[in-house]
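Input: a single structure, listed below in structure tokens.
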Amino acid sequence: MLHKSVLGLVLAAGMGTRMRSNQSKALQMIGGKPMIAHLLASMQETNLLTHQAIVYGYRGEALQAALKADFPNVFWVKQEQQLGTGDAVKSATALIEQHDLTLIAFADIPLIRPHTLQQLLHSAAQHGFAILTAQMENPFGYGRIIHDETGGVCAIVEEKDANREQKNIREINVGVMAVKQEWLLTYLPRLENHNAQGEFYLSDLVELIARDGHFIESFCLESADEAMGANDRAQLAALEAVYRQRKVQELFAQGVTLIDPNRIDIHGTVIAGADVVIEPNVFLKGTVVIGDGVTIESGCCLKDCEIGRNTIIRSHSVIDTATIGAQADIGPFARIRPQTVIADGGKIGNFVEIKAAKIGQESKVNHLSYIGDAHIGAKVNVGAGTITCNYDGAAKHPTFIGDHVFIGSNTALVAPVTIKNGATIGAGSVITRDVAADTLALTRPKLTQIEHWRRPQKKKEHKNDA
């Protein structure tokens, strides 16, 4: 415990012009969420913050709209003019005055881990100022860390202001620091903009404080991946690749077999049982729970769903906000839409769409069917081409099918309608009324045959010789 009040301050006022986007840089997506959302979540997971605040400028309204649902308690501070990172922090002076420590971070550092931020805050609580650094093989574009003879940080020199010797330094400023209130309030007003950019650099705070004899602790990351930011699309893709590899390692730790670890995308949280096998080009979104022994074949997309043990999801199937039971068989090319529950042993075959339906135990919808707003009992066979006609142009209506029902191919069930236990529906029927239990229902017209029928013949075309 710190026994101190802590403000988490995120600087998100920059335009990010190199992204060539109509959105601010902070809203560029990593792992299905804006970069800034990853950082805010990591800050919260430290369990050390009293409040969070975001300094915004460019397209601030869009930033607030994107984050307000997941981060409703964040304070918003507007930077009226884009005068640099030092000026951005100065904009939050009223909030800084209310907290013992302020944790400051740039919005485009989505891979920082909560444990790293915890360590930085504890160091700042002890020394008054702690700054996060990393060793980079290619430090181009980053501010370089300068140490004094005591080992403390005495300056940060930005790339555009660095001399040749300083540019050879590989230890860089990550863009995360924690500073006690007294020093921020004392030294922020002393920042100057005598640099190549004509801006007030937050990094200049280091030299001002060190010059007065204060020790500034540097905390160097074990993995430089946490320090990665993104100023353009190529760097954004590199961030996504590191994020994906983190998620892959989480799956390995759960005992999942990935046929090709480089060809999976995970945008969310995956909770997997033992002996799960995932083939290439699978996309997992939101919260996905996968039981023991499940196989997910290539090309599938699963979002916010639960898959029971020993189920197989065949190739190119899409499952969205649904629950699949144990030992089920789904696909290939099946689409399972929200509010669908498929019981144990259910079989949903190729080119079948299920929406807001309950499919009973060991029931089968094998081919080329649409089942919407329906409740199907146990051990039902739904023939190829069966459609539940659930929409009348104004409202949706339900279809109820009992246990042990057999529905022939190319059948239309016009809702609202009920097919009771044990009934059989003849192929090609259009069912508009309820069907009693253990009966055969069919609406097939009588077969008509015309003898000696000849199909119309095409007329031969004669070429014009002229």
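Cβ from N, Cα, C; glycine included.
Annotated features in Swiss-Prot:
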- 1-233: region 'Pyrophosphorylase' (REGION)
- 11-14, Lys25, Gln79, 84-85, Gly143, Glu158, Asn173, Asn231, Arg337, Lys355, Tyr370, Asn381: UDP-N-acetyl-alpha-D-glucosamine binding site (BINDING)
- Asp108, Asn231: Mg(2+) binding site (BINDING)
- 234-254: region 'Linker' (REGION)
- 255-466: region 'N-acetyltransferase' (REGION)
- His367: active site, proton acceptor (ACT_SITE)
- Ala384, Asn390, Tyr391, Ser409, Ala427, Arg444: acetyl-CoA binding site (BINDING)
If you measure from the C-alpha of Asp108 (Mg(2+) binding site), which of the binding-site residues Leu11, Lys25, Asn390, Arg444 fall inside 10 Å? Leu11, Lys25
On the three-state reduction of DSSP, what should I expect for Lys25 (UDP-N-acetyl-alpha-D-glucosamine binding site)? helix
What's the CA to CA span in angstrom from Arg444 (acetyl-CoA binding site) over to the residue listed as 'active site, proton acceptor'? 21
Lys25, Arg337, His367, Arg444 as recorded positions, winner by CB count within 10 A: Lys25
For the region 'Linker' (234-254), the DSSP residue counts stand at 20 helix, 0 strand, 1 coil
Where the record says Ala384, Asn390, Tyr391, Ser409, Ala427, Arg444 bind acetyl-CoA, what is the longest distance in Å from one Cα to another among those residues? 23
Which whole-number value in Å describes the distance between the Cα atoms of Tyr370 (UDP-N-acetyl-alpha-D-glucosamine binding site) and Ala384 (acetyl-CoA binding site)? 10
Which site among Tyr370, Tyr391 has the most other CB atoms no more than 10 Å from its CB, taking these as binding-site residues? Tyr370
Mean per-residue pLDDT computed across the region 'Linker' (234-254): 96
